[in-house]
Every structure is written in structure tokens, then in C-alpha cells.
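Worksheet for the structure shown next.
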Amino acid sequence: MASEFKKKLFWRAVVAEFLAMILFIFISIGSALGFHYPIKSNQTTGAVQDNVKVSLAFGLSIATLAQSVGHISGAHLNPAVTLGLLLSCQISILRAIMYIIAQCVGAIVATVILSGITSSLPDNSLGLNALAPGVNSGQGLGIEIIGTLQLVLCVLATTDRRRRRDLGDSGPLAIGFSVALGHLLAIDYTGCGINPARSFGSSVITHNFQDHWIFWVGPFIGAALAVLIYDFILAPRSSDLTDRVKVWTSGQVEEYDLDADDINSRVEMKPK
């Protein structure tokens, strides 16, 4: 673990997660807040939000950023995805911790920027996730679990090294579609979290943590279930416990060169 900590590529990856998260939150949440602005001078604010447009903004931004920084950090951009890859023994514990910190800080920074740009909006929630009227905490939790499960399942399948020849370069696009699909499912029920860092940034800046636990517990349960389903039922991995522990402590041996800053030894969100 200490060996990975000393490498420049490790810190480049952490910075990549931080910067990409800022862009992701700014683009995606900004697209949702934009519906409150009038397009013409005779229109009033408070237009009906177009769920399809917002879902596509979230999905396409993930697909674009996965292509942009996937070769540097893997472009997780989501603590639930990071947890899933950790439980799947594809990244080290240290990398997972630093990624989640970078993602959360990046989300906060992006939300602060959005807060300044959209300060004239009345009742600006900054994309705060909340349960819709009539949706209880159990139902909201279930929606978040299912939405995240399908996302992490897609990530595990598209980043499976055994499938690289089959997938080509379509991995980021598939993951982007999965994010959009999750929003089409969940946006009317919970505002669609499926990303604890995205939910955390809005809650911190608005000082509103009502039902916030749902947007951490749900995605983490969904991620764990996705790993259980993919790694132990659909596509079992042959690596033994010793190899898995080595990954947790030292990183993915096949993907990371821990003894030299080899520019080619990176894990990618897209197949190589």
C-alpha cells in the first residue's frame, strides 16, 4: 500500500478523479438547474423539468469523461462504483479511500461554483436529492439500490478484461447509457442519487441532510449486490483469496506498475 502511495501515477489518478468530478457535477446538475431559467423574455421561471434531457446530460457527461480520464484513473466518478471495484478486488483499499475523498471534494467544489452562477434562482436546491411526495424511505432506498445495481453491474461487465476483444471501445458509452437509464428510473422518486458524492455535494452546500443516508446506503448496497451477482454468479473469477488480498494492499498487479512510473500501466474505464 505504501508503494502505491509514493507513485506519481497514483496521485495523478486522484487529481483526475477530483477534476473530472467537478466537470461532471457542473454539467449534469447545471443542466437540471437550467430549466428554471426562461429561454425567452416573456417566459417565467419554474418550467417543467425535462427528465429525458437531464438523464442524457448525466449519462453523456459520464461517457465523455470516461473517455477523457479513463486511461488515467479509471474514471469512477462515483463512490459506489469505487466500492464495487474494491469489493471486486480490482483496486487497492488506499486507492478507494483517496478516490472517494477526491470525488466528494470535487462535488462540493462544483456545487459551490453552481451556487454562485445560479444565485438568482428562487428556491435553488442545487440538485438536492429528496424523496418525492408519497415515497417513503424504504421505497426510496429500494429505488437507489436497483438504480445503482444496474450501473455497477454494467461497469463490472464492461471493464472485465476477459471481454476486451468483444467490447472494443464501447465501454464508456455503455456506462453512460447505464447512468442515463438509472436516472430515467429514479428521477421521479428520489431525484436519482445512485452516486453518493453527487448527493453529498448538494447536501453540504444547502445544509440539508434530510434522508441523506438513503443516498449512501442505497448505492453501497446496490454496488455490493452487483459484485456478488457478477463475480460469484454470472462470471466467477478464478483468482484465489491470496491474490485478492494482494490487490487490496498493493493495487491491481496486472494493471499497475508499482515499481516504476510506467505511463502504460494504468487501469482504464474502457477496455484496452
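Start at 1 and count along the chain as shown; that gives each residue its number.
In case you wondered, yes, glycine gets a Cβ from its N, Cα and C as well.
Per Swiss-Prot, the features are as follows:
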type: TOPO_DOM; residues: 1-11; note: topological domain 'Cytoplasmic'
type: TRANSMEM; residues: 12-29; note: transmembrane segment
type: TOPO_DOM; residues: 30-48; note: topological domain 'Extracellular'
type: TRANSMEM; residues: 49-67; note: transmembrane segment
type: INTRAMEM; residues: 71-84; note: intramembrane segment
type: TOPO_DOM; residues: 85-92; note: topological domain 'Cytoplasmic'
type: TRANSMEM; residues: 93-111; note: transmembrane segment
type: TOPO_DOM; residues: 112-135; note: topological domain 'Extracellular'
type: TRANSMEM; residues: 136-155; note: transmembrane segment
type: TOPO_DOM; residues: 156-166; note: topological domain 'Cytoplasmic'
type: TRANSMEM; residues: 167-184; note: transmembrane segment
type: TOPO_DOM; residues: 185-189; note: topological domain 'Extracellular'
type: INTRAMEM; residues: 190-202; note: intramembrane segment
type: TOPO_DOM; residues: 203-209; note: topological domain 'Extracellular'
type: TRANSMEM; residues: 210-227; note: transmembrane segment
type: TOPO_DOM; residues: 228-272; note: topological domain 'Cytoplasmic'
type: MOD_RES; residues: Ser250; note: phosphoserine
type: MOD_RES; residues: Tyr256; note: phosphotyrosine
type: MOD_RES; residues: Ser265; note: phosphoserine
Leading stretch by Cβ pairs under 8 Å, where the reference is the transmembrane segment (93-111) and the options are 12-29, 49-67, 136-155, 167-184: 12-29
Contact between the transmembrane segment (136-155) and the transmembrane segment (210-227) (at least 3 Cβ pairs under 8 Å, separation 6+): yes
Ser250 (phosphoserine) CB neighbourhood, other CB atoms within 10 A: 17
Folded-back contacts onto the transmembrane segment (12-29), same chain, C-beta under 8 angstroms, at least six residues removed: 54, 57-58, 61-62, 65, 68-69, 72-77, 95, 98-99, 102-103, 105-107, 109-111, 113-114, 126-127, 197-198, 201-202, 266
Close approaches to the transmembrane segment (49-67) from elsewhere in its chain (Cβ under 8 angstroms; 6 or more beyond its ends): 20, 23-24, 27-28, 31-32, 35, 75, 77, 171-173, 175-181, 183-184, 187-188, 192, 269-270
Coarse DSSP state, helix versus strand versus coil, of Ser250 (phosphoserine): helix
Within the topological domain 'Cytoplasmic' (1-11), residues counted as helix, strand or coil by DSSP: 8 helix, 0 strand, 3 coil
